[in-house]
């Protein structure tokens, strides 16, 4: 699965890990995360993430 990087702080969303602290289960693709989810480190929205190169 594709990882996504926060362009503001560099946090990497890894679908294999998810974001359990914010109720995103492992195996959840970035596209399937709710639109109101924010970066757990800096708080920006999904629109500030880019696919990892």
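Indices start at 1 and increase along the chain as displayed.
Placed from the backbone N, Cα and C atoms, the Cβ positions cover glycine too.
As recorded in Swiss-Prot:
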type    : residues     : note
DOMAIN  : 1-53         : domain 'Rubredoxin-like'
BINDING : 6, 9, 39, 42 : Fe cation binding site
Three-class DSSP secondary structure - residue 42 (Fe cation binding site): coil
Binding-site residues (39, 42), the one with most neighbouring Cβ atoms at 10 Å: 39
DSSP-derived structure type at residue 9 (Fe cation binding site), helix or strand or else coil: coil
Cβ-centroid neighbourhood (8 Å) of the Fe cation site, 6, 9, 39, 42 excluded: 8, 10, 11, 40, 41, 43, 44, 48
Confidence summary (mean pLDDT) of the domain 'Rubredoxin-like' (1-53): 98
For the domain 'Rubredoxin-like' (1-53), the number of residues DSSP places in helix, strand and coil: 9 helix, 12 strand, 32 coil
